[in-house]
Amino acid sequence: MSKNYHIAVLPGDGIGPEVMAQALKVMDAVRSRFDMRITTSRYDVGGIAIDNHGHPLPKATVEGCEQADAILFGSVGGPKWENLPPESQPERGALLPLRKHFKLFSNLRPAKLYQGLEAFCPLRADIAANGFDILCVRELTGGIYFGQPKGREGSGQYEKAFDTEVYHRFEIERIARIAFESARKRRRKVTSIDKANVLQSSILWREIVNDVAKTYPDVELAHMYIDNATMQLIKDPSQFDVLLCSNLFGDILSDECAMITGSMGMLPSASLNEQGFGLYEPAGGSAPDIAGKNIANPIAQILSLALLLRYSLDANDAATAIEQAINRALEEGVRTGDLARGAAAVSTDEMGDIIARYVAEGV
């Protein structure tokens, strides 16, 4: 008998509810085709939670997430809540506390150039023609963003500001394991990004990554300095499989990876803890300007579901089925408005219907 899974669904604001509805259609198709027992509960988060409960992350939402196997998150924020105090705004008051509460230390951001979308890639046509499929694995809770001491002191010409890059062995070991385990599900290559020619923290990073690599003899490991990595991503992104990055370097490279795909509407994201519990969300924002118009691209939300299936439910076949269905839709020229470039475009609902049907059919 198959295991029972429960997913906390947090649609949020803007286009969140529209694109989430499409992901849930696809989840229905996965249930049927793979005989998976998946239940869901829906909770308010972000601006809608402020309106309904007076707080961007209500206690009931947190408790519901605690009872779930994973969180499928939409998007939060919008002009309506921009004038609230920063800590009460949807983004800072909901997403960051969720990451902290569940100790989500790793961020996974896939960046893939899909066949038929090469024209959207800002790289040279001959580079785009080679395609790329990269997974950026970023450490989320350590490094210079959180290291102490940090601050400002002094005055006049002696005024100074300082931040501290700190990494502990356990922090590097656990993010490295995420990268190597991810590579085993892909093309078995990890490129670890550092600045070991200058920084002590990067020297330790490289030493520990080398140690972890010994337990993954089936995965190829390469090291690359951050400055070279930013150039190589432009020169030949097809050389990369999994990028393993510290918090700061991952912040930079994950956005560069996203930009060279040419479409934020295609990019999912996963944040995981040590137990495999994760929060899965589109990399883009709530897009309030197009909310309610049935024109948003739901693929990033649907791909977030695929990541959830792969990393939190260990349902790799189901995740692959979703990715194959999306590939088929795009290869057949099915496009939402952001990808149509003047050609006929389908609605948000229609794109969800097509992908769900292809998942059910087993393309």
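Keep in mind that glycine also has a Cβ here, set from the backbone N, Cα and C atoms.
Per Swiss-Prot, the features are as follows:
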BINDING   78-91, 285-297  NAD(+) binding site
BINDING   Arg99, Arg109, Arg138, Asp227  substrate binding site
SITE      Tyr145  site 'Important for catalysis'
SITE      Lys195  site 'Important for catalysis'
BINDING   Asp227, Asp251, Asp255  Mg(2+) binding site
Legend entry - Pairwise Cα distance for Ile295 (NAD(+) binding site)/Arg138 (substrate binding site) [Å, integer]: 31
Legend entry - Candidates Glu82, Pro86, Arg99, Asp227, Asp251 (binding-site residues) - the one closest to Tyr145 (site 'Important for catalysis') by CA: Asp251
Legend entry - From Arg109, Lys195, Ala291: recorded positions whose CA lies within 10 A of Asp255 (Mg(2+) binding site): Arg109
Legend entry - Listed binding-site residues among Glu82, Pro90, Arg99, Arg109, Asp227 whose Cα sits within 10 Å of Lys195 (site 'Important for catalysis'): Asp227
Inset, instruction - Measuring CB to CB from Pro90 (NAD(+) binding site), give everything in the same chain under 8 Å that is also at least six residues away in sequence. - result: Gly12, Asp13, Val45, Gly46, Gly47, Ala49, Ile50, Pro56, Val76, Gly77, Gly78, Trp81
Inset, instruction - Under 8 Å Cβ to Cβ from Asp227 (substrate binding site), same chain, six or more residues apart: give me those in sequence order, or none if nothing qualifies. - result: Lys195
Inset, instruction - Check the Cα-Cα distances from Asp251 (Mg(2+) binding site) to the binding-site residues Glu82, Pro86, Arg99, Arg109, Ala287 and tell me which is shortest. - result: Arg109
Legend entry - Cβ-based neighbourhood (8 Å from the centroid) of the Mg(2+) site, residues Asp227, Asp251, Asp255 excluded: Ile226, Thr230, Leu248, Phe249, Gly250, Ile252, Leu253, Ser254, Glu256
Inset, instruction - For the recorded positions Arg138, Lys195, work out the Cβ neighbour count at 10 Å and name the residue with the minimum. - result: Lys195
Legend entry - Neighbour count (Cβ, 10 Å) for Ile295 (NAD(+) binding site): 19
